[in-house]
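See below for the structure under consideration.
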Amino acid sequence: MTAPANNTPAAAATDTSVAALHDKILIVDFGSQVTQLIARRVREDGVYCEIVPFQKAEAAFRQMNPKAVILSGGPESVHEEGSPRAPQLIFESGVPVMGICYGQMTMAAQLGGTVEGGHHREFGRADVEVKTNSLLFDGVWQPGEQHQVWMSHGDRITQMPPGFSVAGVSPNAPFAVIQDEARKYYGLMFHPEVVHTPDGAKLIRNFVRNISGLGGDWTMHAFREEEIKKIRAQVGQGKVICGLSGGVDSAVAAVLIHEAIGDQLTCVFVDHGLLRLNEAETVVDLFRHHYNIPLVHVDASKLFLGELAGVTDPEAKRKTIGRLFIDVFEAEAKKIGGADFLAQGTLYPDVIESVSFTGGPSVTIKSHHNVGGLPARMNMKLVEPLRELFKDEVRVLGRELGLPDVFVGRHPFPGPGLAIRCPGEITTDKLDILRKADAIYIDEIRKAGLYDTIWQAFAVLLPVKTVGVMGDGRTYDYVVGLRAVTSTDGMTADFYPFDMKFLGNTATRIINEVKGVNRVVYDVTSKPPGTIEWE
């Protein structure tokens with residue numbers, strides 16, 4: 001969620017006290033689609049890092065004083081006039097530098113090498129032959145071995161900068177890995193951050209720990225303690241309102257803030273009538289009775305379902321739900337009165353996007369349901385305790401705070417809820433059918449021990465009826481679609497390969513136990529070309 005600049009902390013991703021407390025790495029973003037994966041790999045090693053677009057990198061470097069720098073990949077060509085460059089200050093500072101793909105190319109060009117447009121492009125899996133020992137390869141690769149990596153490049157180095165030597169080659173990249181170990185400079189033409197480079201995380205760890213000498217002092221326990229101090233300093237004696245969606249992000253934010261300021265926090269849970277089976281009761285019980293957090297529970301289901309009657313366009317559904325949520329939340333906040341701050345579950349990817357490489361908006365695939373308009377309308381300051389964390393780190397923090405794993409480990413659930421899992425017009429009867437089918441599906445997944453393996457699973461009620469036979473009678477009922485995907489970040493996803501026995505058993509249960517369904521299908525579409533949700 002993004003709020004107006006005058007109410008948010010400074011837009012630059014480096015504006016945080018965490019950077020001042022820990023050893024850190026600066027990641028200079030040249031526009032790669034997988035730059036966030038670099039940060040996740042670094043943080044997995046217990047080292048704090050931040051992603052900054054190349055245009056802001058010099059200021060960020062001066063402010064952060066990082067112990068090392070990683071230059072990301074990117075879509076540009078180094079030999080083209082006006083292509084992005086790393087601040088020369090980085091190479092003059094004496095800190096270790098690792099360049100990945102485009103980062104390797106610009107490092108080579110800036111340090112006196114030659115880069116040309118590649119005559120032999122490499123995209124996808126490739127094999128790198130190790131030519132010499134390297135601190136980067138220590139304990140991972142040995143000279144003479146070949147290892148699978150993931151390439152995505154068009155340029156290539158034709159002459160190395162002074163002081164560099166070749167550490168690895170590939171069939172189309174004679175300088176696949178280059179190094180200047182005296183200055184601790186390393187360039188990789190492949191992407192170590194992606195899972196398709198099996199040893200990539202180990203190579204990054206060698207750069208972070210062994211080459212850069214960072215000890216890994218950034219833990220979730222430390223983050224918790226530091227963030228509590230920050231919240232107390234920011235809020236003082238003020239009152240905070242937090243909108244609960246029933247999801248993990250807002251729940252973790254609320255529990256952390258409550259630990260910091262106690263009953264100065266009031267949570268507002270708007271039940272729009274589009275939640276999963278028994279979900280509203282679970283949220284109310286968790287916050288009211290387990291954590292004793294002041295909670296206002298608003299049952300606005302009749303309002304939402306009334307406004308959604310006859311609405312079939314998915315974007316219209318999302319916008320209607322978002323508008324009503326803001327109206328209801330604002331009304332409840334006025335009833336509470338005296339609140340100075342609004343808490344939001346903003347995550348680090350949202351912050352990165354706001355200071356993105358391009359500086360402009362991405363193509364809107366689907367509008368996002370959030371309360372981003374609330375701060376401007378209500379003249380409230382933001383409290384965003386999760387703005388330095390990725391989604392997987394939020395789950396770790398949730399466990400650190402004692403949230404039950406069955407809650408913290410739940411699959412992602414969209415803000416518009418079941419409205420976008422019920423294509424076409426939404427009715428109470430359709431929602432009842434969908435809730436029951438979804439609950440059976442998730443129950444079967446849990447019983448099979450697959451819930452934590454699957455990134456996201458859910459049922460969809462299709463706006464289609466088909467002929468069936470039950471007993472001696474003809475039926476004409478709805479079709480339920482089942483969706484399950486594996487993913488690391490939700491950006492790409494593959495359908496989960498259930499065995500046919502599981503699918504058969506699940507379909508049988510749904511048809512036998514849910515009145516109004518006579519057919520079940522399984523969605524085997526990956527992302528791309530499809531999206532995870534159907535609407």
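Yeah, the Cβs are placed from backbone N, Cα and C, and that goes for glycine too.
Here is what Swiss-Prot records for this protein:
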ACT_SITE  CYS101  active site, nucleophile
ACT_SITE  HIS191  active site
ACT_SITE  GLU193  active site
BINDING   SER245, GLY246, GLY247, VAL248, ASP249, SER250, ALA251  ATP binding site
DOMAIN    24-217  domain 'Glutamine amidotransferase type-1'
DOMAIN    218-410  domain 'GMPS ATP-PPase'
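Ranking the recorded positions CYS101, VAL248, ALA251 by how many other Cβ atoms lie within 10 angstroms of each Cβ puts VAL248 at the bottom. Within 10 Å of the Cβ of SER250 (ATP binding site) there are 21 other Cβ atoms, across all protein chains. Spacing of SER250 (ATP binding site) relative to GLU193 (active site) is 29 Å (Cα to Cα, whole number). With respect to the residue listed as 'active site, nucleophile', the closest of these recorded positions in Cα terms is HIS191, chosen from HIS191, SER245, GLY247, ASP249. Between the listed binding-site residues, namely GLY246, GLY247, the fewest other CB atoms within 10 angstroms of a CB are found at GLY247.
Across the recorded positions listed here (GLU193, ASP249), the residue whose Cβ sits among the most other Cβ atoms within 10 Å is GLU193. Within 8 Å of the centroid defined by the CB atoms of SER245, GLY246, GLY247, VAL248, ASP249, SER250, ALA251, the record's ATP site, lie the Cβ atoms of LEU244, VAL252, GLY345, excluding the listed residues themselves.
Rounded to a whole number, the C-alpha distance linking VAL248 (ATP binding site) with GLU193 (active site) is 26 angstrom.
When the Cα atoms are compared, HIS191 (active site) and ASP249 (ATP binding site) turn out to be 30 Å apart. For the domain 'GMPS ATP-PPase' (218-410), the model's pLDDT averages out at 85.
Less than 8 angstroms from the CB of SER245 (ATP binding site) sit GLY415, each of them six or more residues away in the same chain.
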